[in-house]
């Protein structure tokens, strides 16, 4: 268990080579399924009504429910008004017509007020729910450094940033509309089916009395149109998901070109990139054609229904009206009620396209959530590298086996003790796991077993080959990740001068894209300046001087003999000249069972109070005899 350890990071991002070194051979639990159920989406997203935001959530939900009922009542009032007005019109009763107009003015004001209030509450609920769900997913994504681990263990769950923004928007906003629309449709159908039953009466045909004639016709018409739409629109969900996946792929390819623009430009790869993007775009258009065809068929039904629905009840009621069994007011009341019932029956028809889009985005959001939760369960149940607290001021590696996420051992049973102020160079052939080892020490790499014990309260800073430079001011980049502190401007300027960045030392409060403005070497210098500002107890370097010439490298590394002499240093690098800046070398030797750590420069001193915890029990503690201890290493 990690005890009171404060870590800071200088942007531990994976290189493409590292990604390629760890192919996606992960468990099926993390695999992305093709579709999510509405129940699973609700399990994920319903925390909005149970968590800290539940008070606002329930107030808005209750207000929307009350406004739906109010709107139904107003619509029922307008339906009664139809009978009153057209009966008055048919009787040529001017006083009643005038009275009806005054009544309608009140009904119109009530209808508009209820709708405006409902729209306000709906938009407020959608915004708050979206904010909650995005924050919840972002918290899961950032927790336990899953954002880093997911890029290795689940690379097919692509574009988490799009899933947490665009897809969350599409997955939350329509579902509120659907809930309101469905509630409104059910209540509307219940109320106006009653109107059709009472006002429409029965009809005789061939000597048979058919009660609820208009209700039966409305139900048959609604089932026919809705059934046709479901039949024609069923493939739309599959086509929409396929189209969205292709669009996500082209976004990924375009972002990849932007992020690697310099490399592509230098190698002259524009034509190849254009061909690749063209192929993907062609796939998008091919899949889009399927969507267009299905939407055209659905539009045929929807538009046809819009034209027919107001006319059908008039045709059905015409015989009774012409025979004198029904007044004009009753006919218009029934026609209006018939249209309302059709609107209720056809709710699914009119929202089928949006339901398809919702399902596609909800599936992507649920896949991200499912992956993050699975990674969380794996962190709790599977054997992982344990980060704990050292009993002294040393950093201890205790039975440390580092593996890929698929279980293949990279480093086997490493044992080492690194003391305060020691400067340790980690060497080994390519592929022996040097970078993976230091990521495990830094707490980034959880796969494996054994312990990493860090001194209590020790601050760790990790400097990768490409340092992370946040957006904002140069001051913020130097202070990252702690933000504003009490450090003086002079301290920051001195750090920049010491690291050869004198030319930008007077630009502390300028906001720039420093990651684009500074060269690779200057960004590495900035990372060293950040070390001077924070002065952490443990510093981990991974090819942190690769963009510097040897003279500049020597200048940066000499900081560990002066300002940073008290810091423990673990570094990975390939230049032979780095050795003179370290007083100890650890070498990883390739073996069939995983690389073994050789530490010929290890101090010959006893280690007290340490045991090795293994999955199947407790092994004996290392001997305090220096010779035996050297053999163990």
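Backbone N, Cα and C atoms are what each Cβ position is placed from, and that goes for glycine too.
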When TrEMBL is consulted, the range among 275-295, 296-316, 317-337, 338-358 described as transmembrane segment turns out to be 296-316
Under TrEMBL, the annotation transmembrane segment belongs to which of these stretches: 132-154, 155-177, 178-200, 247-269? 178-200
Given 212-233, 366-387, which one carries TrEMBL's transmembrane segment label? 212-233
Here TrEMBL annotates transmembrane segment, and of 13-34, 35-56, 57-78 the range meant is 57-78
Restricting to the domain 'ABC transporter' (395-615), report the mean pLDDT as a whole number. 87
Would you mind listing the long-range same-chain contacts of the transmembrane segment (98-121), meaning Cβ under 8 Å and 6+ residues beyond its ends? 60, 63-64, 67-68, 70-71, 74-75, 77-78, 81, 84-85, 88, 180
